[in-house]
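Participant: Could you have a look at this structure, given as structure tokens, before my questions?
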Amino acid sequence: MDTIYALASARGKAGVAVLRLSGPRSHEAVQAFGVPLPSLRHAALRRLTWNGEVLDEALVLLFGAGASFTGETSAELHLHGSPAAVSSVLRVLSGLPGLRAAEAGEFTRRALENGRLDLAQVEGLADLIDAETEAQRRQAMRVFSGAIGERAERWRADLIRAAALLEATIDFADEDVPVDVTPEVLTLIDGLLADLRREVDGSRIAERIRDGFEVAIVGAPNAGKSTLLNALARREAAITSEIAGTTRDVIEVRMDLDGLPVTFLDTAGLRDTSDLVESLGIERAVTRAKAADLRVFLLDDSGPLSGITVQADDLVVQGKADLRPGQGLRLSGRTGEGVPELVAAIGERLLGRTAGAGSLTRERHRLAIERAIGAMESVRAELLRGQQHTELAADDLRRAIRSLDSLVGRVDVESLLGEIFASFCIGK
Ligand SMILES: Nc1nc2c(c(=O)[nH]1)N(C=O)[C@@H](CNc1ccc(C(=O)N[C@@H](CCC(=O)O)C(=O)O)cc1)CN2
Ligand SMILES: Nc1nc2c(ncn2[C@@H]2O[C@H](COP(=O)(O)OP(=O)(O)OP(=O)(O)O)[C@@H](O)[C@H]2O)c(=O)[nH]1
Ligand SMILES: [K+]
Ligand SMILES: [Mg+2]
């Protein structure tokens, strides 16, 4: 096993830089800097020297095999966050035998291989590092803490129980089976199907929290859409002008809106036009606005918009409120009045949707559950068709279990059989 090393903190100037090593030679590598090793898990200040020169004064932290993030013998060097100090230490490490620079994600991969994390936790950790808003952090933390594995384990136990019941029926097929297990299996399957369908429903919103919600600003040319976008972004993200048809491409601005990740889309003003480029822009505007999670219709004095209709949760606001009196949701991108109210209204609508967010944050999770649901629906149909289909049903149950196992990266048929036989106790 190679010993790997990498800068664990971000590149560039910083107060402190953390260099991480993992693998059998990581303690030896620290010793190469001519320092006495501190005891495990006790940080100690050491002068790292090479060829008689002090490279940096660092905190050294050692972890023993089986008691580290990766599960391997590992070490950390907490250097000054100086690009030059970091490179000088990296240069030495690159010349030591048995050491090499780590590949992306390799420490976590080792943690997975050593059983410190399951596959879903690894995904949760990746999302935690990518999290930019509170909702994303909370959701990622739940997955990282093992929520998916715990659930999968419960569902799995039910499926194993159902499988054991069916296996018993198969083995006793020639004899008189004392009890018909079908009702009990059906009850297990139906309860589980309801759970899994709820998870799938919650996964769509969880995926939105992970990737962000899209909110499109739509309206007639010159309604003030780009001015509003700039007010929301607090910077000149889009060109504005008194010329109708200024915006052509969709302009995206990502924001943290009450803890939710939101991408605002500024779009071309909608109207009939003979300008080819403008009409291409309008096509894009309509497509993106329709696909968005929410639309803000910014009204001016012009008539109704063509090509797009207001949907249930959409917001309709009167623009240029500084120029004319009115009622209802009103705002001025120019003065900023009404903009916080719009933000609050958007936040309220999106927050309302996040209530049902589940733990399945990725398409991969949803597809695994959908495969399990499909397999369980087959089980159901086969059982209802009668005893002669029990073997088929048992096969489909195993297929459902494998799909759940793929959630956490455990696809091990041996253990499945082991558990089936462990719960198998009708005198055999
Ligand atoms: N300096 C530093 N900070 C860090 C990390 C790190 O690797 N180094 N982490 C890296 O991502 C996170 C903390 N995660 C860690 C996870 C496990 C162990 C660890 O040593 N686990 C042992 C002992 C557990 C214990 O003492 O309770 C184990 O699980 O056996 C350390 C850090 C965030 N902060
Ligand atoms: N008084 C006032 N003028 C505004 C307001 N918002 C925008 N304007 C002006 O209206 C004109 C059009 O603004 P834009 O933001 O470019 O409008 P748009 O909807 O993006 O226009 P297109 O991209 O061409 O569809 C500019 O001259 C802005 O300065 C507002 O709230 N109040
Ligand atoms: K304009
Ligand atoms: Mg514009």
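One is the number of the first residue shown, and numbering goes on along the chain from there.
The backbone N, Cα and C atoms fix where each Cβ goes, glycine too.
If you look up Swiss-Prot, you'll see ARG20, GLU76, ARG116, LYS428 marked as (6S)-5-formyl-5,6,7,8-tetrahydrofolate binding site, on the strength of sequence analysis. Sequence annotations record features per position, and here Swiss-Prot assigns GTP binding site to 222-227, 241-247, 266-269 based on sequence analysis. Annotation comment: Swiss-Prot describes ASN222, SER241, ILE243, THR246 as K(+) binding site, evidence class sequence analysis. Look at Swiss-Prot and you will find SER226, THR247 tagged as Mg(2+) binding site, backed by sequence analysis. The domain 'TrmE-type G' annotation in Swiss-Prot covers 212-351.
In the displayed structure, how are the listed features positioned relative to their neighbours?
Facilitator: Cβ neighbours within 10 Å of ARG116 ((6S)-5-formyl-5,6,7,8-tetrahydrofolate binding site), excluding its own Cβ and spanning all shown chains: 17.
Look at ILE243 (K(+) binding site): DSSP puts it in coil. In this view, ILE243 (K(+) binding site) is surrounded by 9 other Cβ atoms within 10 Å of its Cβ, with every protein chain counted.
Neighbour density for ASN222 (GTP binding site): within 10 A of its CB lie 21 other CB atoms from the protein chains shown.
Secondary structure at SER226 (Mg(2+) binding site), taken from DSSP and collapsed to helix, strand or coil, is helix.
Per DSSP, the secondary structure of the domain 'TrmE-type G' (212-351) breaks down as 38 helix, 32 strand, 70 coil.
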Participant: Please determine which of the binding-site residues listed here (ALA244, ALA268) has the lowest count of neighbouring CB atoms within 10 Å.
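Facilitator: Each of the binding-site residues ALA244, ALA268 was scored; lowest Cβ tally within 10 Å is ALA244.
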Participant: Go through the binding-site residues ILE243, ALA244, THR246, ALA268 and pull out the ones with a Cβ less than 6 angstroms from some atom of ligand 4.
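Facilitator: Among ILE243, ALA244, THR246, ALA268, near ligand 4: THR246.
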Participant: Got a sec? Which of GLU76, ARG116, ASN222, LYS225, the binding-site residues, have CB under 6 Å of any ligand 3 atom?
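Facilitator: Cβ < 6 Å from ligand 3, in sequence order: ASN222.
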Participant: Relative to the Cα of SER226 (Mg(2+) binding site), which of the binding-site residues ARG20, GLU76, ILE243, ALA244, ALA268 has the closest Cα?
Facilitator: ALA268
Participant: Counting other Cβ atoms within 10 Å of each residue's Cβ, which of the binding-site residues SER226, SER241, THR246, THR247 comes out lowest?
Facilitator: SER241
